[in-house]
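Just below is one structure, and these are the notes that go with it.
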Ligand SMILES: Nc1ncnc2c1ncn2[C@@H]1O[C@H](COP(=O)(O)OP(=O)(O)OP(=O)(O)O)[C@@H](O)[C@H]1O
Ligand SMILES: [Mg+2]
């Protein structure tokens with residue numbers, strides 16, 4: 001009973017957090033699933049977004065433009081990863097690690113220090129203050145709406161001619177090229193878009209917690225991956241809609257699972273092992289035959305090298 | 001019209017296993033020509049196709065399509081002029097996407113992608129009609145992922161995609177070689193119908209000499225990266241399978257002597 005009560009008490013906080021982080025999960029899903037470009041850049045573009053957003057707020061930039069500047073910085077980071085993969089034939093994972101490593105120094109340079117409080121600066125969440133909701137519910141409503149809009153816009157985008165072309169690059173890049181699609185442009189644009197989402201999430205988080213920290217990206221990638229696996233296990237990947245919804249559903253469910261672990265008294269230090277176990281179970285499930293029959297994972301995947 | 005002039009391409013240049021895949025190859029196809037390309041393994045047929053599509057850049061020489069120099073044009077820019085069907089059915093389609101989406105991609109070869117709705121009702125109707133010519137029932141499976149189709153169905157789809165939009169040049173590189181005889185026949189017949197009906201300028205690679213004699217208006221035989229033999233009109237009509245095979249043996253004799 002205590003566990004249940006503790007968990008319920010945590011729901012608003014964890015729900016707000018998970019909605020913010022769903023943008024990072026989206027930033028992991030897009031390269032991995034849509035572009036067949038497994039990418040680790042979000043580990044760097046998330047704190048990049050946070051740091052850029054904090055510095056912009058300190059400089060007096062209003063909260064929404066600050067978020068957009070953060071997203072632009074993330075977009076450039078993603079573009080850089082895609083470019084060094086395409087131009088120098090460096091493996092996508094390695095390209096992402098390189099950019100993430102370099103971003104750490106860049107983030108430190110941007111802020112000039114490791115930690116930047118932004119307690120007194122205006123936040124996007126202030127917009128909803130007339131509703132006089134609690135702090136957590138304010139965030140849930142605002143970020144929830146942003147997530148929903150993002151989901152709907154992505155659904156539209158990927159059914160346009162250009163969006164279809166971008167998906168084709170992930171599905172079969174040689175074939176896409178032979179159909180007149182500029183593979184470089186689609187890849188750089190797509191990975192850039194993912195970087196923008198990750199940095200946007202970083203900006204939202206910074207405005208939510210009231211400070212930016214160069215280490216805020218630590219482990220965000222594995223959490224995002226865990227959330228994605230859970231989302232895909234629940235929804236399957238049979239249609240574009242399900243694939244696009246998986247990051248959001250997965251983020252919410254994953255952080256509730258973590259919250260249950262915390263409520264049950266698991267020391268925070270043990271959370272990483274819990275996360276690892278979640279990912280492992282999700283990845284192992286299809287091979288052990290207790291995943292839904294029609295969850296629909298293609299038999300074989302080929303990624304770019 | 002396609003014009004290949006003095007095309008040269010060397011693999012592993014300057015290394016012990018240096019390989020001259022195209023050795024000053026020149027070739028001109030008039031608009032509407034249907035050329036059957038033959039030649040022994042390693043003669044350079046696929047290399048020539050790759051050079052025309054842009055998948056492979058030449059070391060020397062030039063390629064013109066309808067008078068425009070495309071020698072340095074990358075694959076995606078050349079796609080407006082050139083369509084191709086590969087030997088491997090997996091290569092020509094996007095497996096995880098639906099039949100309709102693949103058809104849409106092919107359509108974008110002529111009209112580069114824009115920010116507007118992809119699969120409109122009108123387009124789906126057109127695709128349904130184009131696919132119905134195959135007689136495989138693919139027109140009723142527009143929303144099926146291509147990964148669920150058989151190799152023959154996928155290759156047929158690749159063919160429909162390649163001829164959609166009536167490309168200036170159609171390249172077929174042993175596109176029926178991976179199929180069982182019945183399906184190969186089906187795909188070949190669909191090819192012949194489309195090429196004839198649309199009067200497409202086509203190069204088709206085959207190892208089947210009977211096909212080479214029966215179809216198309218020209219035979220082009222490659223050997224060691226050059227054109228060894230060209231037959232058209234009367235000459236082609238009079239040629240026989242043993243004639244063609246005779247030219248192969250010349251080559252293998254020389255290979256034996258050279259060895
Ligand atoms: N990418 C490559 N790298 C190195 N050598 C190559 C490459 N592509 C082709 N070659 C070589 O160039 C020569 C011509 O090959 P090509 O594939 O054009 O022959 P082909 O006429 O299509 O033969 P086949 O009938 O077997 O398909 C061969 O000796 C081949 O080994
Ligand atoms: Mg070949």
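Note that Cβ sites are derived from N, Cα and C of the backbone, with glycine treated the same way.
TrEMBL annotations: computationally assigned, not manually curated.
Annotated features in TrEMBL:
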type	residues	note
TRANSMEM	A:6-32	transmembrane segment
TRANSMEM	A:93-112	transmembrane segment
TRANSMEM	A:137-158	transmembrane segment
TRANSMEM	A:183-204	transmembrane segment
TRANSMEM	A:216-235	transmembrane segment
TRANSMEM	A:244-265	transmembrane segment
TRANSMEM	A:271-290	transmembrane segment
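Between the transmembrane segment (A:183-204) and the transmembrane segment (A:6-32) there are 3 or more Cβ pairs closer than 8 Å, counting only residues 6 or more apart in sequence, so the two stretches are in contact. Counting Cβ pairs under 8 Å to the transmembrane segment (A:6-32), the top-ranked stretch among A:93-112, A:137-158, A:216-235, A:244-265 is A:244-265. Note: the stretches the transmembrane segment (A:216-235) and the transmembrane segment (A:244-265) are in contact (3+ CB pairs below 8 A, sequence gap of 6 or more). Within the chain carrying the transmembrane segment (A:137-158), a Cβ under 8 angstroms from the stretch's Cβ atoms is held by residues 12, 15-16, 19-20, 22-23, 26, 34, 124-125, 127-129, 131, 164, 166-167, 197, 204, 208, 240-241, 244-245, 248, all 6 or more beyond its ends.
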